[in-house]
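Everything below concerns the one structure shown next.
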């Protein structure tokens, strides 16, 4: 679910950047999404949005689905073996890892999406 996603983000980036920094970034990080992603980090969010869309097609509720994960010393892992929990955790895990390896550009935080996301 979205709360667990914030914890996975923190785990994947070793607490270097608070998860709220990703809530209003670029064209796809946060609610909604349109246009062309502004950078690599924004592409991570678009992929995550698409993954949630696929989960919904499977009958899952990704924003609400609780799952089991482990925040290890190397990187987080998903513990569920089947179903929506496994799929949604995988969506969140891949996005969190993508965030951790992608540069963060302060200029792409809280942008005017009506102008830059066409």
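Numbers run from 1 along the shown chain.
Even glycines carry a Cβ here, placed using N, Cα and C.
For the Ca(2+) site, Swiss-Prot records 28, 30, 32, and the single candidate of 39, 49 listed with them is 49. Residue 91 (disulfide bond) falls within a helical segment according to DSSP. Cα of residue 51 (disulfide bond) to Cα of residue 92 (active site): a distance of 9 Å. Excluding the listed site residues 28, 30, 32, 49, the same chain places 27, 29, 31, 33, 45, 46 with Cβ atoms within 8 Å of the centre of the Ca(2+) site Cβ atoms.
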